[in-house]
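Novice: Below is a structure I'd like to ask you about.
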Amino acid sequence: MEELLWIFVLVVQLLSLLITFPGYMFILVVNILGYRKNKRLDISDQLISGISLFNLAHRFLHVSLDFFEFSNEFLVSVNYKIYTNILYLSLIFCTLLFSTLLAVYYCLKIVNINHNVYIYIQRMFPKTFPWILLPSIFSSVLISIPAALRLTRKPFVNSTGATQKSENLLYLVPYNLFSSLCFLLFFSSALNIILSLRRHIKQMHSNTRQFRAETVKVHVNALKKVFSLLTFNIFYFALQTFVVIGLLYFQWLTCLPFLYSLCHIIGVIIFVLVSSKMQKKLRTLWVHCHQCIK
C-alpha cells in the first residue's frame, strides 16, 4: 500500500512538472531576452523571474528527491535529509518573500501617501532593491536551518507527544514569525492598493463617459492583478502554515506534495496574467504557432 502511494505521488509530481516547466521557462526566457535587448529589467519582472525560478526549483526538487528516496530508500542518510530540508524550506520562504516584495513594489508605485517616511521609501526602494535580494535569500537559509533540523530529527523515545510538539514549536518560532510578518506586509500592501484603486474609480464618476470607460478598464485590470497575487500569496502562506502543522503532526505531510503541485500550476497562470508583457508575448507566440500550423 505504501509503495502504491509513493508511485502515485511520483506520477502527480511528474505531471505537475510537465505542466509548470513550460510556463515558468516562458516567463524566464521572455525576461532574459528583454534584459539582453534593453540592458535593464523592471523590478516587478525581476521579482516575478525570481518567484518563477524558486517555484521551478521547488518542482524539480520534489520530483528528483521523491524519485531518489523511492529507488534508494536505504541510502538516504540523516545529513542528506538535513540539507534537502534546508533547501526545501528556503525555497518556500524565498517565494513568499519575493511575492511580498512584489506587492510592496506595486504599493509604492500605485499608492501615494503624504508621509515623509513613505515618500523616502518610495524614492529609495529602486536604489536599495539590489541590496535587498541577496541578504533576503541568505536570511531565508538561516531562518530555515532550525526548522529543517527539527524536521529531520527523530522523535525522542522517552518524550511525550506534548513535549515533542512544544519543542517543535520552539524550533519553528523564527521561521513562522518571519513568514507571518511577510504575509502581513503583503496583505497590508495589497489592501492599500485595492483601496487606492477603488478611490480612483469613484473619483472618475464625475468625469466624461469616454474618459471614464477607458480609465476604469485600466483600474479594473490592475485590481484583477492585485487580487490574483493576493490569492496566490494566501494559498502559499496557507501551505507554509500547513508545513508548520505537519512538523507537529507528521502524518499530515503526505498531503503537501499534491497541494504544492496545485499551487505551482496556479502560480504559472497568475504570473503570466499579472504581466502585460507576458500576455503580449504569449499572444504573439500563439499567432505565430497558428500561422505555422496553417
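Keep in mind that glycine also has a Cβ here, set from the backbone N, Cα and C atoms.
The transmembrane segment annotation in TrEMBL covers 6-35, 85-108, 129-149, 169-195, 226-250, 256-274.
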Novice: Counting Cβ pairs under 8 Å to the transmembrane segment (169-195), which of 6-35, 85-108, 129-149, 256-274 comes out on top?
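Specialist: Comparing 6-35, 85-108, 129-149, 256-274 against the transmembrane segment (169-195), the winner is 85-108.
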Novice: At a threshold of under 8 Å on Cβ distances, which of 85-108, 129-149, 256-274 pairs most often with the transmembrane segment (6-35)?
Specialist: 256-274
Novice: Please indicate, using numbers and ranges, the residues of the same chain that are 6 or more beyond the transmembrane segment (256-274) and have a C-beta under 8 Å from a C-beta there.
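Specialist: Result: 9, 12-13, 15-16, 19-20, 23-24, 26-27, 48, 51-52, 55, 58-59, 62, 66, 224-225, 228-229, 231-232, 235-236, 239, 242-243, 246, 282.
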Novice: Against which stretches of its own chain does the transmembrane segment (85-108) lie, if we need a Cβ under 8 Å and a gap of at least six residues from its ends?
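Specialist: The answer is 43-44, 47-48, 50-51, 54-55, 57-58, 61, 121-122, 125, 132, 136-137, 140-141, 143-145, 147-148, 151-152, 175, 178-179, 182-183, 185-186, 189-190, 192-193, 226, 229-230, 232-233, 236-237, 239-240, 243.
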